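What TrEMBL says about this protein:
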TRANSMEM  A:7-32  transmembrane segment
DOMAIN    A:63-269  domain 'ABC transmembrane type-1'
TRANSMEM  A:67-88  transmembrane segment
TRANSMEM  A:100-121  transmembrane segment
TRANSMEM  A:141-171  transmembrane segment
TRANSMEM  A:192-214  transmembrane segment
TRANSMEM  A:250-270  transmembrane segment
Amino acid sequence: MRTRRAPYFLVLPAWIWLAIFFVVPICGMLSVSTMSGNVIDGFRNTLAVGNYAEAVATYWPQLLRSLFYGFCATALCIAVGYPVAYWVSFNGGAHKSTYLLLLLLPFFVPQVLRTINWKFTLADDGVLFGTVKDLGMLPEGFHVLSTALAVICGLAYNFLPFMVLPIYAVLERVDHRVVEAAYDLYATRVQAFVRVVLPISLPGVFAGVLMVFVPTSADYVSASVLGGTHTTMIGNIIRTQYLVNNSYPLAAAITFVLMAILLIGIFSYARALGTEQVMEVQAK
Amino acid sequence: MSTDTTTPAPTPAPASGRPARTGGLAGRIDWGKWFTRAVLLWLFAPVAAMVAFSFNDISGRQNVSWQGFTFKWYGQAFAYEDLNHALFNTVAIGLLTMLIAGGIGSLLGLALGRYRFHGQGTTNLVMFAAISAPEVVMGASLLSLFLTMSISTGFVTILIAHVMFTISFVAITVRARVMTLDPKLEEAARDLGAGVWTTFRLVTLPMLLPAIMAGALLALALSVDDFIITTFVSGETSTFPLWIWGSTRAGIPPQVNVMGTLTFSVGVLLAIGNIVLARRRR
């Protein structure tokens, strides 16, 4: 009887904490999202579904832009992160752990501070472009800041390790003899990669996509610091509606729309691949 | 590595894990190496800027152009009273999160890795959701809760939020370790007359400790770095990232870069320690 009850004692604190501060708030937000009223007269629940209509009608450009930026940042992370994970795992040799540490080291500096300094680096008169400009190698009116490119690069910059680490974790488990066997069977480097290494590493890529796409498409730090008025993301809107305008019902409705899109995406994605597999890679 | 295969390639490349297939092209450029180095350069560029500007001899608060080298900001690192408060809050919340989430998460991880129980699937699902839910959603929904319950936001609500979003990370780290433990060791302890509690204390816990430490440190790192969730539930209380954010309009004082450089140095020291330890073990 003891052992049968033991797991419940172990999980109880976590259950309580996650139920009260994660599950209940998200369900509660559903009720806030259908309230009407304002911050002075108070809010009443009138089952105002109109908030959703307003949220989608007003902010669909920011929603789509966020998903697009998230997509681009994720693609950039794969493009940059996969070769790094591949090279470190296969050719890193004795320095593997050093490379991984170097990859994580910048993240000891808070994200906000890193993004702000990244902005200084990218600034028109900054270290990078200022120098190139002085050499007369850039056209007049050239700038990177306040463009979509700056925001996407900022997002990719901030979330790159979340792509590299899962891919690395999977590549580390690849039995090198399998690759050698492919060479023995006269596979070229490209064939060995495409037909042997790539399929094995896909779960890592999937986990990385999840770890990068969701946070990037809901992020607002990069968009605020590196972007301009044309690069506002849905996170910026949610923040403003909640903390500046105090229009909680509308803000909750926008949040819910965003979460619905992401969660439906995540769960169909996880179901197609198996939740366990995705989570197992994350743990590494 | 490549010892037990009959590869036609003449000599395996040292420590590369793949046989050297192109023996005649020894001088070829290792693109992977240079690409990796370029990426690292990219990652370190803003950090380098931060370290450089912490030595910038400026007058006033606009720390954007280089005006000469000075150590004076290190001498005046704690000149801003409210920045010190923010820093203290960050450290205090980080350490408390580490303890609470480390404890609760470890228990959860142990249960998930060891037992089968009702609600296990739901627990996994909730954890999965808590890891993959966007921060802005977690922050906003918590703020909604605190508003409806008329709970004023501040230190305690930040702590609650940080524990909430780090529990799952700790649990997953510990669970992975629990699943690799050999149950025979615990059986052996019990055969030798140890009770359930003694077995746990003398056998299970020591084996889990590295994972618990790793999970707790992860919780600390996530807590110290968090900005988005904290913004929503902070009220009047400030933390280090929030303070930096608030000071961007007025110009970031060099003290921020000094503190950033100091936290970065802690990371560098940890990394060096790790490398030295790994060398010694070899």
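Heads up, the Cβ atoms here are built off N, Cα and C, so glycines get one too.
Counted over residue pairs 6 or more apart, the CB atoms of the transmembrane segment (A:250-270) and the transmembrane segment (A:7-32) come under 8 Å in at least three pairs, which marks the two as touching.
Within the chain carrying the transmembrane segment (A:67-88), a Cβ under 8 angstroms from the stretch's Cβ atoms is held by residues 96, 99-100, 103, 148, 151-153, 155-156, 159-160, 162-165, 167-168, 171, 197, 201, 204-205, 208-209, 212-214, 216-218, 223, 231, 233, 261, all 6 or more beyond its ends.
Within its own chain, the transmembrane segment (A:192-214) has Cβ neighbours under 8 Å at 70-71, 73-74, 77-78, 81-82, 85-86, 159, 162-171, 173-174, 178-179, 182-183, 262, 266, 269-270, 273, 277-278, 281-282, counting only residues six or more beyond its boundaries. Sequence-distant neighbours of the transmembrane segment (A:7-32) (same chain, 6+ residues past either end, Cβ-Cβ under 8 Å): 43, 45, 248-249, 252, 255-256, 259.
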